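Okay, structure first, notes after.
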Amino acid sequence: AERVRYAIAEELGRGSLVGPLARDLGLSADELPARKLRIVAGDEKQYFTLEEDNANLRVNDRIDRESICGAVSPCVLSLEAVVENPFDIFHVSVTILDINDNAPQFDRELVTIEMIESTPPGTRFPLGSGRDPDIGANSLQNYELTPSPLFSLLVRESPDGTKHAELVLEKFLDREKQRNHHLILTAVDGGDPVRSGTAQIKINVTDANDNPPVFTKEIYKVRLMENLPEGSLAFQVKATDNDEGTNAEITYAFSDIAKSVRQLFSLDPRTGDVKVTGPLDYEERKYYEASVEGKDGGGLTAHAKVHIDIIDVNDNAPTFSLLPILNPIPEDSAPSTVVAVINVRDRDSGENGEVSCKMDGNLPFRLETSSENTYKVIVASALDREIVSAYKVTITATDRGRPALSSSTELVLEVSDVNDNAPVFEEAAYSAYVSENNAAGALVLRVQARDADAGANGRVSYWLAGGSAGAAGAAALVSVEARSGALYAQRSFDYEQCREFAVAVRAQDGGSPARSSTATVRVFVLDRNDNAPRVLWPAPGAAAGAPGSAPGAAPTPFEVVPRSAEAGYLVAKVVAVDADAGRNAWLSYELVQASEPALFRVGLHSGEVRTARAVSERDAAKQRVVAVVKDHGQPALSATATLHVVLAESLQEALPELSERPAGGEAAAAELQFYLVLALALLSALFLLSVALAVLARLRRA
């Protein structure tokens, strides 16, 4: 609440020290970087700045007290110091002290006065006043006049403190002795060193003129609105003269007026009308003073004072000075976090200069008053960058004038991302279908997760997180590309060994700390027709045990069918299986070869071998039937089954047929017996030779 106050002299050079601001705010050098000390001023010019280490307040631009404050005393410049972590605002006032940098000056370097020789002693003639923009002791303090026995100097002070010099006639004048008198008027200030300015006084003594002009008022007090248009009549001065002829003709002129005031007002020398010729501005100057002289045709003069008060009107809209504190704003900023400081100024006075601010729209921010002219923009509710990433905040300042004036400023506040969103998969569970016998490295599926955060917080990478076979087992089956989320097969799949498996894929963002989510990918292996049907009965080795096989072969399966069998008699059933699935495992049976093709038929789907007609006496006793088993794959795979059938009424009748050997079989047996006898003879010869050699060896040693 208390202001930090400094005082410096005007006209200090740039970089001059104003004060140790950081120390006076209680900030140590160690905490300065974190507290981020900054200043904000409502003035258009930045008169002050902080040095690089933010410790000291220094002058940034030339400070001329007279141009900033004019005659106002004290001359105070205000600013706010802002710190963060935690946020706080300090109010700083810098008083600008006057130095004696201006000498008094007169508006006219030569003042001419017409006096008739009959003017009585004690008559006073205004000499005008010097101007010194300095204040206090440095301003104009006194006047001095060249010593003269006929004239003296009288110094009068007006209510506003301005000193005016008047020339007083001490004795009667005698035109015959001296027609002209020359004096020097000196204005002196009270500075150190003292400064002064001079004006020459020329007095012309004229013949008698009975009646001097007389103004209707000794002091004209005028009040003018500051928005009075140029060319408007401000007021009128009026003087009368009781003489006649040219001696009664009065002309008017400003006798004591500053140059700046002369540019604002004009005086009609005939009518005494004073008109506005320049812009009046209450904020620049509130009060003007001038002297008006009325002179008749005989040279006699009269003087009157004019006091002009300027009345303020609401002609200045509020102005803004903005200091961003936190932009962009982290989306996890807590309510009451300060994001900006706004300083509002209105150059008008009174109610015209009283300002209130409001924020337009329904936004998650609010304005909070910090001081009379300073507001804080703070977070009012939770922010979510994923919903709104930037806000355009319009702040309107309105004064209390009639009519009220307002102005607006727009503040763009961006919301920065924090990692508050985990990646989200497009599907919680994925299903992939892969045909078996695939190539290693084949694409299985592409998963995708989206993260609403931005930058690294929204950059998603993918990893295997395990599965039905564990993390190691899942890695042996598939791999995932970290950037794209593509799953690739690590090896060729076999439907007959593994029909389905599941893996868990984790999507993880690049935030700190990282956030992740997991999706399950279930991979179904699709069957391909890579397995031929396998005949379980008759056994695949049955062909090796057919009649005429070598001894020791597997016994040949025979089916005995009675000769009395009718059509449809069940001979046997071919049993086959297929390791594939679906259509690839659907089996069909066909008869491809038979001794009597018309005698047998095979069920298409059952594999049953039945008689197609009744068995006749003409049919051979032994029949051979070959059936093919096919699956429905593309392309289809097949296997064959061979069945031997004996036509006989009973097993005893069939035995002779079963024991018969064909001629080819007997020849093969004879050949086998020959080789066996030969081998036995060779072995016997080798044994006898070995015995003989052993006996010889013993005899030799003996």
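Cβ coordinates are placed from backbone N, Cα and C, and glycine is handled just like the others.
Taken from TrEMBL, the feature domain 'Cadherin' covers 36-106 (among others). The residues of the domain 'Cadherin' (36-106), classed with DSSP into helix (H, G, I), strand (E, B) and coil, number 5 helix, 31 strand, 35 coil.
Confidence annotation: the domain 'Cadherin' (107-215) carries a mean pLDDT of 86 in the model. As annotated by TrEMBL, domain 'Cadherin' applies to 107-215 (among others).
Taken from TrEMBL, the feature domain 'Cadherin' covers 216-320 (among others).
Per TrEMBL, the feature domain 'Cadherin' maps to 329-425 (among others).
Annotation source TrEMBL lists domain 'Cadherin' at 426-535 (among others).
As annotated by TrEMBL, domain 'Cadherin' applies to 561-658 (among others).
Per TrEMBL, transmembrane segment is recorded for 674-697.
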Query: Which stretch, 107-215, 216-320, 561-658, tops the Cβ pairs under 8 Å count with the domain 'Cadherin' (329-425)?
result: 216-320
